[in-house]
């Protein structure tokens, strides 16, 4: 089991760890209208998956805005996944004035978190992470942020996304 910190305290990550070069496992999450969504729904497109503990926090808000602003300039898709309820994600999108942001909720089964090794066991939230997948769902970049309240390496993730 991998360990990170969150606000300085130790947190254990559970789930299957994936690495660069692996093919990304499938997952089932919910969109803002409670429809089931899987990785297969985005087949044939490169993907930047931004994982946040809660969309309602300052760091998560900034991470979501930054990746959507920068990566949306490229061909492909940006997904933001958290364990927030779909209603909270929908409210955040509306209050942020962002209609092109795709937020997905892993609250029900933690399917994404378990399959990508980012479930913070003690908090039942997802750890801050970034995964970049090519159009065939091969993982070309992975970062699990070692301190959950820190930002990911935006430059490295965006460079990996742009270079696919």
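Every residue gets a Cβ built from N, Cα and C, even glycine.
What Swiss-Prot says about this one:
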DOMAIN    18-163  domain 'Thioredoxin'
DISULFID  60-93  disulfide bond
ACT_SITE  60  active site, cysteine sulfenic acid (-SOH) intermediate
Q) So which of the disulfide-bonded residues is most packed in, judged by how many other Cβ atoms lie within 10 Å of its Cβ, out of 60, 93? A) 60
Q.
With DSSP assignments reduced to helix, strand and coil, which class does residue 93 (disulfide bond) get?
A. helix
Q | Overall pLDDT for the domain 'Thioredoxin' (18-163), taken as the rounded mean | A | 94
